[in-house]
Amino acid sequence: MTIRSHSHAAGHRSLAALTVYGLALGACLLTAAITAALHPHLDLTNTALVFLLVVFLVARTLGRGPAVLAAFFAVGLFDFVFVPPQLTLAVANAQYAITLGVMLCVALITGGLTAGLRREAELAQRREGEARQLYEAAKDLAGALTDSQVAEVAQGYLATSLDARGCLLLNGPQEALEVCVPGHPEPQPLKVEQHLALMAQAESRTVEYGALAADGCAVAYFPLLAPTRPRGVLAVAPRDGDGERLHALHPQLEALASLLAIALERIHYAAAALKAEREREAEQMRNSLLSAISHDLRTPLTALRAMAESLVWQTPPGEQAQREAATAVRDQALRLSGMVDNLLDMARLQSGRVTLHREWQPLEEVVGAALQLIRPALGDRPVQVQLAPDLPLLHLDAVLMERVFANLVENAAKYAPAATPIRILAERAAPRDNETWVEVAVRDQGPGFPPGLDPFQRFTQGAGDGVRSGVGLGLAICQAVIAAHGGHIRAGNGPEGGGEVRFSLPVGQPPALDGLEEDGPEPPAPSTGERP
């Protein structure tokens, strides 16, 4: 908007004001002419009432300013034309002076009250119209399914209701705002200042450029403040270049910005919900497929393991090559069987069909049973177990927790150099959330977790995948089991290098035991790793 457009708009307003005041004066002159013609038939009192009626009508139709002018002009005309001595403003009789004063006061009061009522009625009608227009815009926004449809509704409301142009700038990549193109864009799109739009969004306030804006550029930027976060900016410019009129429209524009922000947030979360539903359906299908395939593989794998084990034991002592081949077949069958077990466990955990069979267990027994299960896979690799002597009993599912320790140790052995030790540490953690916790860590001396890798994502493997085959489900299973026990698990690098997986488990409140001997309870039997 330029200085010339400002002057042009001001000239239009001045001409309109002069026209209104001219009509007020013309109404008084016309009344004077009519009453002068009827003067032989009207006395002064009736003539004064006619002038008061004209002032009332001027106030009713033209407003307060013209009514005040009409009141003074009507009293002057009444004095000049009808009050003796006529054709002069002098008053011969003091009674007429009082009449003129009362007439002026009544005219001013009547005109002011009437103009006030007119203004209130116009304001109420305008607000009703604005509310109706915003309601129609809200209905259109409720049916919008895309950002471009929201932009089209905003463009239509600005054009039809406010005689303005506008465009939506939505959050894009790299902290930039991108113009959202509506379904039916204007021939000449509105130009925007990116830094002003970013300022409006960052400071959550309206930014106006006013007379400094160039032709075709937005002069005001309204942030789209949704309940959770800003969704973008509404840039607006008046079609007639009248910046003052646009400033008066701020309440409607701010209301429109709120409606647009809510609509954009609804569309965002609707898209997120649809994406989550599709991912859930795909996940459910994948779990069903994995479960079916794993069940179909389990029977032949069991037979293959048995036959391979039989070949190992039945090979004559002198047939070393045959024994090594049979041993390799057995080891690969065991490894493939472990992968199938992981697939089945992951499918059950993700489907929510796993029921925890909790018992009060010492952590030492669970760790020992897990190491016993994976001893053939570890070979000669040392495992150092350091458990604090004051560890309490834990209320857990022993079989699932054995799988957690087995997966963590196998994962550490997979990436750590050969013959380097794997450490398992456990101690009491600081109480939090009115709960006592036990902290467990599994450390290795391998390369550690690379930055940016989420090791708990299913089918994810880090560096060193060629060391040992796998499908990348071990840590995902650990996360699901720990979460089912109400604990937390995280992965990172240890203080001395290498990878470290640390998880915490709530201790809970052990039940009261009555009738125990002084020597204390008999320790529970080690878990076998199988469910009866």
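Heads up, the Cβ atoms here are built off N, Cα and C, so glycines get one too.
On a predicted model such as this, the values are computed, not experimentally measured, just so you know.
The feature domain 'Histidine kinase' is assigned by TrEMBL to 292-509. Sequence annotations record features per position, and here TrEMBL assigns region 'Disordered' to 493-532. What TrEMBL records for 15-38, 44-62, 67-84, 96-117 is transmembrane segment.
Through the fold, the transmembrane segment (15-38) approaches residues 47, 50-51, 54, 57-58, 62-63, 65-67, 69-70, 73-74, 77-78, 81-82 of its own chain, all at least 6 residues removed from its boundaries and within a Cβ separation under 8 Å. Listed by sequence, the residues of this chain that lie at least six past the ends of the transmembrane segment (96-117) yet keep a Cβ under 8 A from its Cβ atoms are 44, 48, 51-52, 55-56, 58-60, 63-64, 67-68, 70-72, 74-75, 78-79, 83-84.
When Cβ-Cβ distances below 8 Å are used as the criterion, the transmembrane segment (67-84) is approached by residues 21, 24-25, 27-29, 31-32, 35-36, 39, 44, 47-48, 51-52, 54-55, 58-59, 91-93, 96, 99-100, 103-104, 107-108, 111-112, 114-115 of the same chain, each at least six residues removed from its ends. Averaged across the domain 'Histidine kinase' (292-509), pLDDT in this predicted model comes to 82.
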